[in-house]
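Reading through the structure tokens given below for one structure.
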Amino acid sequence: YSVPEETKEGFVIGNVAKDLGLDVSTLADRRFRIVSGSKDAPFQVNLNNGMLYVQNRIDREELCVDNNVCQVNLKIAIENPLEIHYVGFEITDINDHAPVFPEKEQNLKIAENTLTGADFQLLAARDPDSGANSLRTYKLSHNEHFELEIRDGGEDNKIPILKLQRALDRERNSKHHLVLTALDGGNPPRSGVMNITITVLDTNDNRPVFTKDVYSVTITESLPLGSLILQVNATDADLGLNGDVQYSFVSNLKKKVYDTFEIDSKTGEIRVIGDVDFEDTEIYRADVTASDSAESPMTTNCRVIIKVTDINDNKPEIEVTSLSNLVPENSKPGTVISLISVSDKDSGANGKIVCSLSDGTPFELKPSFQENMYSLVTQKALDRELVAHYDILLTVTDLGQPPLSSVKTLSIEVSDVNDNKPEFPQNPLELFLFENNPPGASIFSVSALDKDINDNAVISYHIIRGDGAKDDLASFLNVNSETGAIHALKSFDFETMKTGHFHVLATDSGTPSLNSSVTVNVFILDQNDNVPVILYPVSANGSAEGVEEIPRNVNAGHLVTKVRAYDSDIGYNGWLLFSLQEVSDHSLFGLDRYTGQIRTLRSFTETDEAQHKLLILVKDNGNVSHSATATVIVKAVEPKEAFAASDVKNPVKDEEENDVTFYLIITLGSVSVLFVISIIVLIVMQCSKSTDYSSKYLQDTNYDGTLCHSIQYRSGDKRYMLVGPRMSIGSTIVPGSNGNTLVIPDRRRRDSGE
């Protein structure tokens, strides 16, 4: 539907029910209604007849602001069944608005010397109507100096321009009154008017003149606020206001000029109002306008150049680009660690920079081809085990007076590489092990140190096997690869093996891995695990029994016999003592507790019995002592019987003594061979050592019936002896050592100066 604006309320637009083909009689039952729009909608429908009529005032300019075509859309709903119908309305314009100026009067001031052809824009009128009813033209009241020109401003805007056709003369007419009329295109047209008052100004025919065309001044940066730097001066030949000069900066300068300087409009003094920074701006250029105070002022310009000189007010700046703050310790000299850029905002000598590093570091600065660019490089080899972290002090100083400097600390971590092999605190090591150790038990522990860290310092231990030497114990031992604990796979016997050695290999977990080995010299220590053996007397059936016949006329001190015994142990464990366990007459016989010799204490008497039984106890000196017994039967006979018995028994006794001597020689020979082998091995080992270590086994040559053992060895400045029955009274037991180990004061060596 098309509806003109301002149509009266109740005006019937059309029968929308009929136009939609609906049954008028069912409209009420089907709730025929408009469902879109506000409660103040300009349209409504009659349910009785389906007529669409105007309900409220229609104002096109209110509904469609600045739109040439005004379209209003509504939705009509009807139920049972539900239907939605769309109804569109075009609101046509009528000329109900007149053009209106924003001001009722406009005042213009025009100098009398204004040239003809000059134009002056006037205020434009506005008309809310559209199309043909909008603003169309302007008319100017008749006059002899001005004419009207209309320009198109776009979007149906018409701009009135006042053009000067004839020169003005203030002395003839100082004011001109004009009327501007705006007309729209309606029928009949509507119009609006605005009064124009033109004031003719007196002529100012002299311009201000500066003393210089260009003013130049040099200042230092960081001047205090309010400092006077320059004064410009201009004069005007006119009198009064026409000769009163005002100063100002032109309006198109850089913002920095206005923020830094100001000019006094009366005196022309230019002062500092902001920070003067050479690093920000080196030269300021400004144009200053001198204007008189006439109603139509005349102006002139001059150029002001302000040069700023640098002072040393900026510290050097350091920028570090780290390739990595973690440097491997095997980095070659010349490896680049960081890139360093230094800068100084000052210029000249104030901007020249000298860089230096703190002393005592394995780093140096190398300049780049680009100025003020440096590389921090390694100067010599690094060693993390000596120094793992460096704090390098980088100092940059400019050459200004006084010089300014900046300092930056560069932190560098040295990362570990596997360059240190495991080290044992001592090589070789000595292990003193008691015999009869339980198999599988830990007998020793080795530990190596690796100066590296992390995986490079994780150490595993292995026993080196396959030496093949006679005293190599590797096949009898096992080692815990993580802890270094040594376990014996068998029980050792001092009487079978007295010394030995093995090698332990320590390997780290680095890549590639490094290793070192240590030699462990083992000394088997004796325990009292052997029972004394009676060598004499021995009967034919092997028991320790014997019969001795002596004349009854022997004197006191006569040697009846000598009990001989042997103990495979050494030291106290092999030191045998003899005692009479049972004897028929204590006053008749005596026993030497050290040698086993049985002697008469007195001469025989008539009352003494002819046969005496002696039970001899042979006991060693171990902590838990072992013993054996021998029985000697002494028969006292008349001298002739003794000689006869002696003659009869000589062959038998000689044979028995020969057997005993043979066994004794075999035993002593075996022991001697073992001792000689041990001495040779120890001598070879000591020759391979750098320390003063020697060992040798010596057999006591003063054999008096008891097989005594003594072993001497030296370690460092101490000499040790494992002794048998005969000991030096000055011998002392070493604390913490085996009970058999004695330290012998080496008086002889001190006396001889050895």
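Note that Cβ sites are derived from N, Cα and C of the backbone, with glycine treated the same way.
Here TrEMBL flags 2-101, 102-210, 211-318, 319-424, 425-534, 549-653 as domain 'Cadherin'. The transmembrane segment annotation in TrEMBL covers 660-685.
Each residue in the domain 'Cadherin' (319-424) has a pLDDT score, and their mean in this model is 87. Each residue of the domain 'Cadherin' (319-424) gets a DSSP state, and the totals for helix, strand and coil are 4 helix, 53 strand, 49 coil. For the domain 'Cadherin' (549-653), residue counts in helix, strand and coil come to 19 helix, 44 strand, 42 coil, using DSSP. Helix, strand and coil residue tallies for the domain 'Cadherin' (102-210), in that order: 3 helix, 57 strand, 49 coil [DSSP].
Assigned with DSSP, the residues of the domain 'Cadherin' (211-318) fall into helix, strand and coil as follows: 10 helix, 48 strand, 50 coil.
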